[in-house]
Amino acid sequence: IENLLMSFFRLGTLASLLSEPLVNGFTTAAACHVVVAQLKDVVGIRIDRHKGAFKIIYTLIDVTKGLTNTNLVNFSFCVGVIIFMTVCNEFIKPYLNQRCRFPLPGELIAVIGGTLISKFCHLHDDFNVELVGIIPKGLPSATLPRLNLIPLVAVDSIAIAIVTYSIIMSMGLTFAKKHGYEVRANQELFAMGLGNAVGSCFSCIPLACSLSRSVIQDQTGGVSQIASLVSATLVVVTLLWIGPFFSDLPRCVLAGVIIVALKPMFMQIKQLKKFSKQGKLEIFSWISTFLCVVLIDIDIGLLIGVCVSLLALYIKGLKPYYCLLGYMPESPGIYMDMNQHRNVMQVPQTCIFRYYGSLNFATSLFFRRALYSVVGLDKIKQKTKNNRNRKSSTTYVSVTENVKETNTLKFLILDFSMLGHIDVAGCSMLTDVSKELKTFGSRLLLSSPMDRVYDTLVHSMALSEGPFEIFPTLHDAVEYANAYRTV
């Protein structure tokens, strides 16, 4: 029900909170959980199943303690399956893919072959190799869920719905990026809700996605819903008729197939280099999500990862990029970032300030501090008081001569070409800056605003803010400043 309600209210947009570093770190950490869960079957020992926080650590401790009881036949069989699957995936499959479109079912060959070897060699009876065991036959009968339990499970079910949706979307986005298709978040919610509604009539657990099965299906060439339909059909056939055949399947065979299939998930670690180049917040999101999911648990780690992504988004929103612009001597109409280009020139008695992002109640204080810091308005104000009657030079000054050391600031031009949004609080802050500039003989000019930014500025002037001098292009504002100075 929760998934259907989330789909109805179009809450699929929550998937936008799953940033690429978060998804990458989460799926890699989830692969670690799957591998650790298979270790007991690899070495052939029995350990207690842990739940809750730090379960992966407790599992590793128990496996380490039980290594002295390793079943060598079980371990050797698992290593053989791992070698076979590695050869299939790395050599045989790429070779056959160049010659035929039908993928080699290496996983199916390993499962059937392992079952036959176990059956005819009596691995369980003679060597105590752990088997899958008896698979119950038949399907559960359909019954309506007990609606009187809803008040008791409502809160927990909301948490389950959010966690399962996040896991499904993380896996979906990973495979979507690999194969180049789009995942529709609200459609996924509706499918999950409908599947859970039908499954509740058959005593099914809530829908989620299996990392190991998803990776195996991807490696076997499944690229459409037909693959899932065939898989579901085989599950039904197994439950109804051929389940007893796979009761002799060694668990170490499944462990070997799963471990090899998870190789692409671990290879995602290579993208750490890309995230490190994107910025410190991206690499911090990846590392924090990975470590929290591995060391604590999947659900808690995912929650921490989302919080870290939101924090990174908040930091980026509050501290966007800003710079001073100068003109190229060869092309006076082109204005470029003075931090990135050495040959740009500073227009005398004029500062051009460009701001990237939004200007609203949350960022107005940062905008003002950045503006005063870069332009040096405090020092200019003090110098203007002491030298109010001094005439300014009318020649262009090189960028090496800092604007803070020029005689007097006559014009401050704000380039709003990269400003996506402004609210009334931002307009009020601009009014305060304009009034302060006028106290020591300078003027504020606004240039290149987008249509909606321009509409907000005009609307704010109707509410007694401003008035603002607005120019359609940055060059128009600079030409106006130059013409005004020479009069």
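A Cβ is built for glycine as well, from the same backbone N, Cα and C atoms used for every other residue.
It should be emphasised that the depicted structure is a prediction, and the values quoted were computed from it without experimental measurement.
The annotation signal peptide is assigned in TrEMBL to 1-25.
The transmembrane segment feature in TrEMBL is assigned to 72-92 (among others).
Per TrEMBL, the feature transmembrane segment maps to 147-169 (among others).
Summarising the annotation, TrEMBL assigns transmembrane segment to 189-211 (among others).
According to TrEMBL, the transmembrane segment annotation covers 223-242 (among others).
If one looks beyond the transmembrane segment (248-266) by at least 6 residues along the same chain, the residues whose Cβ comes under 8 Å of a Cβ in the stretch are 27-28, 30-31, 34-35, 38-39, 41-42, 44, 74-75, 77-82, 85-86, 89, 107, 110-111, 114-115, 118-119, 123-124, 129-132, 211-212, 215-216, 218-219. Annotation comment: TrEMBL describes 248-266 (among others) as transmembrane segment.
Residues annotated as transmembrane segment in TrEMBL: 287-315 (among others).
Residues annotated as domain 'STAS' in TrEMBL: 340-481.
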With an 8 Å cut-off on Cβ pairs and a sequence gap of 6 or more, do the transmembrane segment (147-169) and the transmembrane segment (287-315) reach 3 or more such pairs? yes
Outside the transmembrane segment (72-92), six or more residues from its ends: residues with CB under 8 Å to it: 41-44, 104, 106-107, 109-110, 114, 117, 123, 127-130, 219, 250, 252-253, 255-257, 259-261, 263
Pop the mean pLDDT for the domain 'STAS' (340-481) in here, whole number is fine. 82
